[in-house]
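Asks: Quick one: this structure, given as structure tokens, is what I'll be asking you about.
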Protein chains: 2
Amino acid sequence: MLEDKNTQKTSLAELGEFGLINHITQYFKVQNPSTIKAVGDDAAVLDASDKQTLVTTDLLIEGVHFDLSYMPLKHLGYKAVMVNLSDVYAMNGVAEQITVSIAVSNRFPLEAIEELYSGIQLACESYNVDLVGGDTTSSTKGILISVTAIGKAEKEDVVYRDGAKETDLIVVSGDLGAAYLGLQVLEREKQVFKVDPNNQPDLDNYTYLIQRQLKPEARKDIPGLLKEMEVKPTSMIDISDGLSSELFHICTQSKVGCKIYEDKLPLDPQVISACEEFELDSTMVALSGGEDYELLFTVPIADFDKIKGNPHFSIIGHVTAENQGLNLVTRASQEIALKAQGWNALKEEQ
Amino acid sequence: MLEDKNTQKTSLAELGEFGLINHITQYFKVQNPSTIKAVGDDAAVLDASDKQTLVTTDLLIEGVHFDLSYMPLKHLGYKAVMVNLSDVYAMNGVAEQITVSIAVSNRFPLEAIEELYSGIQLACESYNVDLVGGDTTSSTKGILISVTAIGKAEKEDVVYRDGAKETDLIVVSGDLGAAYLGLQVLEREKQVFKVDPNNQPDLDNYTYLIQRQLKPEARKDIPGLLKEMEVKPTSMIDISDGLSSELFHICTQSKVGCKIYEDKLPLDPQVISACEEFELDSTMVALSGGEDYELLFTVPIADFDKIKGNPHFSIIGHVTAENQGLNLVTRASQEIALKAQGWNALKEEQ
């Protein structure tokens, strides 16, 4: 973030596609025994296994999903990987490989692509994942990044969205709403900067929020932790579009309703103070903020003792009959119907 | 191609992302027993297998890889799948699943996306491949499509690029150069149309060329055919960037040279006549045209009798020592050094 990006500029056309691929993949080391052949052939080759394979993909586009005026390319690379790994963990699996395709317009020199890939590499190293393929091409506008993640899980460990049962407890990992508020802080600073480019922002009160927006961490630890605790969720999903939206997915696919409690929603102190400052309702932010990349899951009520008191988890409610719908019980003990107000990429552009 | 695309327009924002996903995936049926869970969860789940997994991905971008003024969306969808399946077949494997991510600007109504997916669906049905995931989002400009294909092969059947040995025969499937000439014909018609929109193009003499450009077929049949013939290639690659460029990949990775013969290059009669008309050298077109999606492979010389006379294959030369380089023997028996003049997406924009 602090490096001077203007020292050297190498044009991508000079290198050519294969030169670029060689250049950016030379620092990636294979870490998983299941990766037989990574980059460099028509397809990657992954070893046979008696486990099931998990495959997920996400596409991030400049101007739609991120703004390079406050998203450093290294963070973008890191986040693009996290977004995908999170989906593998939400199946209760272990992520092992990724492919990364990028398209860049000619306003980006090689050094920018190196920064992007240094973030991808950091994510690969930290999460024990191998880069096994991809495509690099030019775009007519901006930058986009398409990542596919591949993971493994024992057949009996895979957790789908459709297994939630009445009376199950509803649990979330970590806390909610911080990434959304981080975005609000960054957007505000961008506006301030436009008016006064010499203004030095003081972001000390927002470090956690900004980190959650710019450098989210996927919950790699949760599948292992659940196994240790001998808890198998009945359903699980990652929180990318916001808690409400994810609850709708689980309830719709499981054919159940749910009741969650406002006073149980896990909020970081910075979320609470930033909500006051921005005059936002912290419950709304927790429900609809999105990009938390925490895991939302349901467990049989018999597992209550295993979950309660664990600092990673908050029990926020329970599963009800389908005809009761999805409801939030407010601090004033009022019951109100939840709405899926997740982020909708297709509406953003309107 | 002939339907009236202007009858109905449904805005994507009306449907929303999840509505769109449901809408476009409803017609896709799972065909492979290894597809346990396709679209609809955080990740697709594929069954355990004692085979190796093959993974490959490609990104196609409007204005870089295709021009919608002559590429119908249905064909684009079909071709985007072919490009990826071709890579799986080039590993001597069987393709079983794909993920498809698209980004579209709001100039595209739902009906356009349906057309795109109808091409993807046709490809899935014809090639026995399951759509198991993807991402749909908006773009700030144009349309792009990112496909990842997943395949399987017995460990001992997988063919890499690095196994070619001196004296091996060099073989190509099908014929070369037609897709490139198809593009020239379409580009010419586009220019004619600009000048005189009422001109009715007579494309009868170019049907094969245009088909190879707009609706290429990946060589799904080759891995099975080779197995039947009891031939295991020592190296293999698909011809996407042009024969020269692919020969460079095989020779570089195998640390060998090669000698190919101009008079052995397989050319369709339409390629020969179109080259005359466009005043292009047919050998250059065959070497550097690209987008043929045929397979290029090497086999031990002992397999000569198995390959010769098979209408699917042409023996175009043989592998030499590395220090001899890559050479073309012309019809006049002159030897000239080959250049890798494949298509370079990163240079296109210059």
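Using N, Cα and C of the backbone, Cβ positions are placed for all residues, glycine too.
All TrEMBL annotations are machine predictions without curation.
Reproduced below are the annotations present in TrEMBL:
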DOMAIN    A:40-152  domain 'PurM-like N-terminal'
BINDING   A:Asp42, A:Thr56, A:Asp87  Mg(2+) 4 binding site
BINDING   A:Asp42, A:Asp87, A:Asp238  Mg(2+) 3 binding site
BINDING   A:Thr57, A:Asp58, A:Asp135  Mg(2+) 1 binding site
BINDING   A:Asp58, A:Asp87  Mg(2+) 2 binding site
BINDING   A:His65, A:Glu291, A:Trp343  substrate binding site
Asks: Look at the binding-site residues A:Asp42, A:Glu291 and tell me which residue has the greatest number of other C-beta atoms within 10 angstroms of its C-beta.
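Replies: Checking each of A:Asp42, A:Glu291, the winner is A:Asp42.
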Asks: According to DSSP, collapsed to three classes, what secondary structure does A:Asp87 (Mg(2+) 4 binding site) have?
Replies: helix
Asks: Measuring C-alpha to C-alpha, could you say which of the binding-site residues A:Thr57, A:His65, A:Asp135, A:Asp238, A:Glu291 are within 10 Å of A:Asp87 (Mg(2+) 4 binding site)?
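Replies: Within 10 Å of A:Asp87 (Mg(2+) 4 binding site): A:Thr57, A:Asp238.
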Asks: Check each of A:Thr56, A:Asp135, A:Glu291 (the binding-site residues) against chain B and write down, in sequence order, those whose C-beta lies under 8 A from a C-beta there; write 'none' if there are none.
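Replies: Listed binding-site residues meeting the cut-off: A:Thr56, A:Asp135.
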Asks: Of the binding-site residues A:His65, A:Asp135, A:Asp238, A:Glu291, which one has its Cα closest to the Cα of A:Thr56 (Mg(2+) 4 binding site)?
Replies: A:Asp238
Asks: Looking only at the domain 'PurM-like N-terminal' (A:40-152), what are its DSSP counts of helix, strand and coil residues?
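Replies: Taking each residue of the domain 'PurM-like N-terminal' (A:40-152) in turn, the totals are 35 helix, 46 strand, 32 coil.
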Asks: From the binding-site residues A:Asp42, A:Thr57, A:Asp135, A:Asp238, pick the residue whose C-alpha lies nearest to the C-alpha of A:His65 (substrate binding site).
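Replies: Closest by Cα distance to A:His65 (substrate binding site) among the binding-site residues A:Asp42, A:Thr57, A:Asp135, A:Asp238: A:Thr57.
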Asks: List nothing but the one residue from A:Thr56, A:Thr57 whose Cβ has the fewest other Cβ atoms within 10 Å; the candidates are the binding-site residues.
Replies: A:Thr57
Asks: On a C-alpha basis, identify the one among A:Asp42, A:Asp238, A:Glu291 that is nearest to A:Thr57 (Mg(2+) 1 binding site); the candidates are the binding-site residues.
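Replies: So, of the listed binding-site residues, the one sitting closest to A:Thr57 (Mg(2+) 1 binding site) is A:Asp238.
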Asks: For A:Glu291 (substrate binding site), what is the secondary structure by DSSP, using just helix, strand and coil?
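Replies: In three-state terms, A:Glu291 (substrate binding site) counts as coil.
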Asks: In the predicted model, what is the mean pLDDT computed over the domain 'PurM-like N-terminal' (A:40-152)?
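Replies: Here the predicted model's pLDDT, averaged over the domain 'PurM-like N-terminal' (A:40-152), is 92.
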Asks: Quick one: Cα separation, A:Asp58 (Mg(2+) 1 binding site) versus A:Asp42 (Mg(2+) 4 binding site), in Å?
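Replies: So the alpha carbons of A:Asp58 (Mg(2+) 1 binding site) and A:Asp42 (Mg(2+) 4 binding site) sit roughly 22 Å from each other.
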